[in-house]
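First up is the structure itself, then whatever we jot down about it.
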Amino acid sequence: MTNDEAMERALALAADAAADGEVPVGALVLDADGRVIGEGRNARGGQTHDDHAQPDPLAHAEVLAMRAAAARLGTWNLADCTLVVTLEPCPMCAGACLQTHVGRIVFGAWDAKLGACGSIWDIPRDPHVGHAPEVYGGVREAECARILADFFAARR
Ligand SMILES: [Zn+2]
């Protein structure tokens with residue numbers, strides 16, 4: 001799956017989140033052969049829990065996708081994997097990328113308020129970090145930004 005195709009799928013996951021009233025961000029993890037091994041979308045309302053009722057403020061798309069990928073691979077180490085996400089990861093998710101040693105981060109829209117992969121902070125490339133994932137931003141940027149803008153416009 002190419003980055004472009006993966007982002008198409010991540011956008012569909014983001015749309016699922018929006019349908020649930022969640023901020024529309026979608027993510028997936030590709031293995032070394034480009035196969036999808038984990039998916040996630042924002043679910044702070046608790047939609048990923050079995051009882052569908054336990055709020056989870058940390059249930060960002062990236063965290064859920066990397067958890068699913070680790071479960072699928074049977075290891076926490078995602079060094080051969082690529083995280084694809086519609087929005088530039090926040091500090092928590094960029095930190096989560098360091099914990100998983102994910103090899104590459106591909107994101108869509110830049111986040112001028114909370115972006116931690118180059119916009120406000122640059123956690124993956126912080127000189128204190130031994131492990132530095134490759135980072136590619138701006139993949140299908142306009143579509144990724146639009147789904148967020150539409151969501152917040154509708155809530156106003
Ligand atoms: Zn996040």
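Placement of Cβ uses the backbone N, Cα and C atoms for every residue, glycine included.
TrEMBL lists C90, C93 as binding Zn(2+), and of H60, H101 the one it places in that same site is H60. Set side by side, the binding-site residues C90, C93 differ in how many other CB atoms lie within 10 angstroms of their CB, and the most is found at C93.
For the domain 'CMP/dCMP-type deaminase' (1-122), the model gives a mean pLDDT of 95.
In this structure, the C-alpha atom of C93 (Zn(2+) binding site) lies 6 angstrom from that of E62 (active site, proton donor). The CA atom of E62 (active site, proton donor) is located 10 Å away from the CA atom of C90 (Zn(2+) binding site). Those same-chain residues not listed among H60, C90, C93 yet with C-beta within 8 angstroms of the centroid of the Zn(2+) site C-beta atoms are A61, E62, V63, P89, P91, M92, A94, A96, A116.
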